[in-house]
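Notes for the one structure printed next.
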Amino acid sequence: MKKYLFVRIINILITLYIIATATFFLMKQLPGSPFDEERLSNLSEEQRIEFYAKYGLDKPLSEQYVLYLKNLVQGDLGDSFYFKGQGVSELIAGRIGPSALLGFQAVLLGFTLGIVLGIIAAFKHNTMWDFSTMLVAVLGVSVPNFVFAALLQYYVGLKLGILPVAFWESYSSSIMPSLALSLIVIALIARFTRNEMLEVLQQDYMLTARAKGLSQFKVIYKHAIRNALIPVITILGPIVVSLLTGSLVIENIFGVPGIGSLFVDSIKVNDYTTIMGLTLFYSAFFVLTMLVIDLLYGVIDPRIRISGAKE
Amino acid sequence: MKNAEPLLNEEELLDDLFEIAGRRTEDSENINRPPLSAFKDSWMRLKKNKGAVISLIVLSVILLLAIFGPYMSGYKYYETDYSVAYQPPSGEHWLGTDKFGRDQWTRIWEGTRISLYIAVLAAFLDLLIGVTYGAVSAMLGGKVDNAMQRVIEILVGIPNLIIIILLIMLMKPGIFTITVAMVITGWVNMARLVRAQIFKLKEQEFVLAARSLGSTNKRLILHHLVPNVMGLIVINMMFTIPSAIFTEAFLSFIGLGLQEPLASLGVLINDGFQGMRNHFYLLLYPAIVIVGIMVSFNILADGLRDALDPKMRK
């Protein structure tokens, strides 16, 4: 176990190093700098030199690279080119709140609703209930999140006018984006719960539980759901990925000041350092989540022995 | 009592007056039903799945419209006419016009072509790179496999979208860049699946038999192993397609995909979203088309999984 963890962490560090390096050199290759010649042309020659010196752009590439890595190890992602005078790390830290709130609410809503729908579908197998739940599941997986978000904004925000459309003011602003983000979670979880429940319901221990006189609720809660939900961990990975991707576009649509919209905005204005920082941030988050999920496998299902992780 | 007169004499009692009542050897060995190939068998099972059949029909209709749609209205997708900007759907412009007076019907089917191109590309890459990579990695094993898996590990370690976005920043946004990005990221899943499956299969007797008859690695992979994982390959391919279509539309929506005046469904939805307050139809129709494509592909993929791999049926 310890050895496995060690190897994994080394692997993660190597991956992150490769990403950092690749991002750095990619950024340097990019056409157009954040200081366009047009914009710089109103500066005098001295000002320009001072400008380049300030951001270390006058040094040779290798030196910039070493400096970048040195700062990176200390958690300093450099200064943003666009948001003057702000460090990228602080920028991310200041923006992470709304994103975390949305992600948390989406997961909460997605799991609750998904599990409830899945259980209903499994118990009313091959009825209208089952059919409509599966319809929701297929739609949730198929409908692109930005289409759903746009339609939600049109019908709920504009037509009904009950929720704010694109301002981040009060708690109610977070409802629609969370809903939009949770659609795919609901779909994945509902479908998953249904299939697992159908399997669990046929097990002998379910018959035993009923035979010994447990109430319907206890049978479902203590015996069926628990066993059905153990493998839920296998779809956590896809869920995390879809939440990350979803946040990029949904935060943009609803005007949420989170890291997703920061990423898209910084791409649009060529804010290199912020893009690099966010790329690393996303990658680190992603890789660490995958590690946690893999470790959870072992905790939840001891049959999966991690130490012998050879296929 | 007199013996009853026999109806026939001994000489007249010939063999051909009799019929064999029981089974005949040559009949019992006969194959009455036409032989069923694995493909036909799956096709029969797929045909019983109503959802899959409807999806297939919807996709065929969309395909036909994508091929012929742009020629039906008589407008070009880049043809601007400011005098007719923002027209609601009418007899002249079936689905209305956008802010530059371009015909929305033509643009939608032009955009669908892009989505379908992406679908074909994704499937092709899955087959070409994914299957080859996975099969070679599993077949050669040892150090080669180890090295090949390290590459995959790095690719899996980075969220796909990040790779794609970085590439798009390096090159010009557009269909070529998206193609390159998909060449880099699109086949990884397939490679892993095929590798895992072939690892299981290659220890089996039929592989040993083929090998002792002198099959080369290439022949083993192409004629013995890949046919055995074909079901899995098709299923995975069918799930890759909608996610590839989604990725393109997503990128175009946030402005990193195709650029004006080219139309992709993502571009159209973004345009429609910008103007949905007053011109909702600009958002509605491209949204319907992309949802139609995505839902159909997903249901069809589900149906194919049930048809090709009854063990996985739930």
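Numbering starts at 1 and runs along the chain as it is shown here.
The backbone N, Cα and C atoms fix where each Cβ goes, and this holds for glycine too.
TrEMBL annotations:
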type	residues	note
TRANSMEM	B:52-72	transmembrane segment
DOMAIN	B:112-301	domain 'ABC transmembrane type-1'
TRANSMEM	B:114-139	transmembrane segment
TRANSMEM	B:151-169	transmembrane segment
TRANSMEM	B:175-194	transmembrane segment
TRANSMEM	B:220-239	transmembrane segment
TRANSMEM	B:280-301	transmembrane segment
Discussion item. Can you work out whether the transmembrane segment (B:52-72) touches the transmembrane segment (B:175-194), with the criterion being 3+ CB pairs under 8 Å where the paired residues are 6 or more apart along the chain?
Written reply: no
Practice prompt. May I ask whether the transmembrane segment (B:114-139) has at least three C-beta pairs under 8 Å with the transmembrane segment (B:220-239), counting pairs 6 or more apart in sequence?
Written response: yes
Item to complete: Using a Cβ-Cβ cut-off of under 8 Å, list the residues of the same chain that are 6+ residues beyond the ends of the transmembrane segment (B:114-139) and lie near it.
Response: 62-63, 66, 145, 148-149, 175, 178-179, 182-183, 186-199, 202, 217, 220-221, 225-226, 233, 236-237, 240-241, 243-245, 247-249, 258, 262-265, 290, 293, 297
Worksheet, complete the sentence: Residues outside the transmembrane segment (B:175-194) whose C-beta sits under 8 Å from one of its C-beta atoms, at least 6 past its ends, are 114, 117-118, 121-122, 125-131, 133-135, 137-138, 152, 155-156, 160, 163-164, 167-168, 229, 232-233, 236-237, 240, 244, 247-248, 251, 257-258, 262
